[in-house]
Amino acid sequence: MDKNFYKNSLNIFNSNFSMKANLSEKDKFYADFWEKNQIYQQILRKRRGNPRFILHDGPPYANGDIHIGHALNKILKDIIVRYKTMAGFYSPFVPGWDTHGLPIENKIINQIGSKSTLEIRRKSNDFANSQILAQMAQFKKLNLLTDFKQIYQTNTPNYEAKQLKLFKKMVSRGLVYRALKPVYWSPSSQSALAEAEIEYLEYRSPSLFTSFDIKKGNNFVAENDKLIIWTTTPWTLIANSGVAVGENFDYVRIKNEENFYVLAANLLEKLAAIFDWKHYEIIDNFPGKSILGIKYLHPIFEKICPIVSGNHVSLDVGSGLVHLAPLFGEDDYWIGRENNLEMVMHVNDDGKFNENAGQFSGQFYANSNKLITEFLEKKSKILHLSFIDHSFPHDWRTLKPVIYRGTPQWFVSIEKIKKDLEKAIEEIEFPENWLKKRLTKMVVERKDWLISRQRSWGIPLIIFYDQNKEPVLDKPEIFDYIISLVEKFGSRIWYEKTTDELLPEKYQNLGWTKENDILDVWFDSGVSFFAANISDEKPPFDIYFEGSDQYRGWFNSSLINSVIYFGFSPYKKLLSHGFVVDAKGNKMSKSRGNGVDPLVILSKYGCDIFRLWVANSEYYNDIVYSEAIFEQNVEIYRKIRNTVRFLITNLADFKPKKYELTEVDLYIFNKIQKLKNEIIQNYDQNRFVRVVKIINNFIIEFSNFYLSIVKDILYADKKESLKRRQVQYNLYELLQVLNIAIAPIMPTTAEEIYSFIQKNNKQISVHMEEFFKESHFDEELVAKWDEFFQIKDSVYQLIEQKIKSKEIKRPNEVGVLLKTDSDFIKSIDLEKLLMVAKVEFSNEKTEILQLNWEKCPRCWNHFEKINKVCARCFEVLSEIVPEKNS
């Protein structure tokens, strides 16, 4: 008989499940399929009434295209939501957008110029809405399980009104107050900033040692003695109104050449080296409290200022005498208030000096350092000038330096709710304890929350001032009236109507005015737990999951707002991920020139491979993107797909039915049950990288062992043989497990696989299926197979030696004389399991036997020749062509 006859007699099937994925085409096909059949909506209807699981989406900013960090974040969330949904939970996912703030406002001002606030707001609102639509179209390409018709955004009247209800609650609890305080001020944004809006970057500052002349001395210091002062902000010397000393620190009066100087005793040696003093003399030694009240001449203007006590004075740097400019530093401010020091403000909103700066008026603050230094040099007041590179606060939007500047601002007291915040944090679940400490530090140790901003595009601070310019905070009916207007017309009403038109009738025509500031944008997004209206579900929600920068941002503001409004955290569990970095560990961004467009990646690789890269990343650290790493994930995908294709192809004639299994089939079945349990455990812990690794390792092990030994049964046994059906039963079990296991990570491929699976009660989509439950598996049975694998390794070492010496070509040519006294080993089909021609047992040693048997032309196994084919193939062929095989 010819080769084709034998080949055609084998159980070889074709499959429409292609080896090539063509993911870009299939992504669109299945996205349309899910939308057309309203799969998300069907899932929610099916799960309604079940235990709920809510992952609340932190809103990205509605400006520009999505970047790779956005894609990473949304995919991680989607994997969780898909898994929880398949695990039986009611898990609606409502995407949100953050719409107010400086980037949009600046963009509009650059387009239309300095128009009215109303025009800026109208254009900003239109722009934000257009950006939401653009980003939405891009997010859809990530195959997210959601309904983009059901979203939340911070610029809708309903959201804005709820935000203001929370603000009213803060006011009613006495947490909101107005104060003149130094705050972070951004000249580039011309607005106050909260700590959450500060980014620390490298910056070069002058390191200046100058001197102030004492006007009138006492028993320890004399007129014209020089106080040594150190500063890195010479521009603040204009606003100097005092010098602070440590009351209990030791100070010295020293003479160098013709001058007398005062400085901290502990810093004398260090400063003498810096100033190159060779022959100084210590005249006196005294505690700081001995010179309190001593007056000195201002370094620039003709006025007298005092020496006062300061708890913040340090002996780590400087001279032990600290120049005070009360409106340009927090410590300076409180010391200034306590000692009634003059509060000088010489810097305008744009960072330029006003008339209080005298001859320096009109200069930009940073440029004035050089001019002021030159001025002091002419007066022989410079002891030393150098420059230092150090970490310095910058505006996180413009990346320009910020300053501390005293302005009247609105604050929310954190001090009053610290115990409530600490209690709420104790109830939150963290994957690692250090993350709990991180949130605690950033929330509980923060200063009072600066909530006012001097901008146009945001939610107005709905506060009125009476005829005496005092804020009216004790009239809840006024807040209720405004909130009802905002709920109906949106926050624009605050700018469209006059003050009297915004007030209830009894408060009209009293000469009141309204506040012009807006609320911090972190206040906007930080009320989403309350304002987003997530399928009528109420907090606390199960998970908040954002980038690690949100500990100071959204996690922070959301917690504060929720504790104030509800008395508890808005989230039960907190997860965070790192930033996407390049192969060198640099954060990816367009500004650095190393950014990568996620849409380009999607177009090249398809969504499932992009999602696989996300799942296969240790997201709790920074995530490395490189072509090499992506190709590794392509290989993992290919391995999964090829395995699935093999399973589908070899199940073409299988009708799902339970079979009693052989020892080895039972072993594999139990391994599959163990696989299921490990997958569930790692999905439950949100360890997706472990899910991918477990699946990949199982496939490698399964292919190397089980598929190697059962291909012969699948292809060459009778189609209906029990052995073949037992193998197919395992293949079917694994196919179902893989299909469900990869569905949260690779929804397109999972849906495609599902279309090839035969089963009863099949759903319209794999994503409507239930995730498999944890299964019992026989640990003892699995463990006892370790003995077989030890024997297999030792036998194959001997076989490899034979192959290497070219005595044989393949393992199936040889016999094995096996030394063992194990009943288990003797009971299993070793010829199949070791893929050798023959196994016999020995009491002496294990060795390889060269048999010189014939190779069966049908199955290629080696056999003792009786017929043209081996006994098994003879039996199979006899049913096809009786009496023609002998």
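Heads up, residue numbers simply count up from 1 along the chain you see.
For all residues, glycine too, the Cβ spot is worked out from N, Cα and C.
The L-isoleucyl-5'-AMP binding site annotation in Swiss-Prot covers GLU546, and the record cites sequence analysis as its basis. Its Cβ placed at the centre, GLU546 (L-isoleucyl-5'-AMP binding site) has 22 other Cβ atoms within 10 Å. Under the DSSP three-state reduction, GLU546 (L-isoleucyl-5'-AMP binding site) is assigned to strand.
Among the features that Swiss-Prot reports, ATP binding site is placed at LYS590, with the record citing sequence analysis.
Around the Cβ of CYS859 (Zn(2+) binding site), the same chain contributes ASP712, TYR715, ALA716, VAL869, CYS870, ARG872, CYS873, each under 8 angstroms and 6 or more positions distant in sequence. Annotation source Swiss-Prot lists Zn(2+) binding site at CYS856, CYS859, CYS870, CYS873, citing sequence analysis.
Taken from Swiss-Prot, the feature motif ''HIGH' region' applies to 60-70. Taking DSSP states H, G and I as helix and E and B as strand, the motif ''HIGH' region' (60-70) has 3 helix, 1 strand, 7 coil.
On the 0 to 100 pLDDT scale, the model's mean across the motif ''KMSKS' region' (587-591) is 75. Per Swiss-Prot, motif ''KMSKS' region' is recorded for 587-591.
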In the same chain, who gets a Cβ under 8 Å from the motif ''HIGH' region' (60-70) while lying at least 6 residues past its ends?
97-99, 101, 103-104, 107, 128-129, 131-132, 134-135, 138-139, 153, 547, 579-580, 588-590, 595-599, 601, 625
Look up CYS873 (Zn(2+) binding site) in the DSSP assignment and report helix, strand or coil.
helix
Tell me the coarse DSSP state (helix, strand, coil) of CYS859 (Zn(2+) binding site).
coil
I want to check the contact list for CYS856 (Zn(2+) binding site): same chain, sequence separation of six or more, C-beta distance under 8 angstroms. What comes out?
HIS862, PHE863, VAL869, CYS870, CYS873
For the recorded Zn(2+) site, enumerate neighbouring residues of the same chain (Cβ within 8 Å of the Cβ centroid of CYS856, CYS859, CYS870, CYS873, site residues themselves excluded), in sequence order.
ALA716, PRO857, ARG858, TRP860, ASN861, PHE863, VAL869, ALA871, ARG872, PHE874
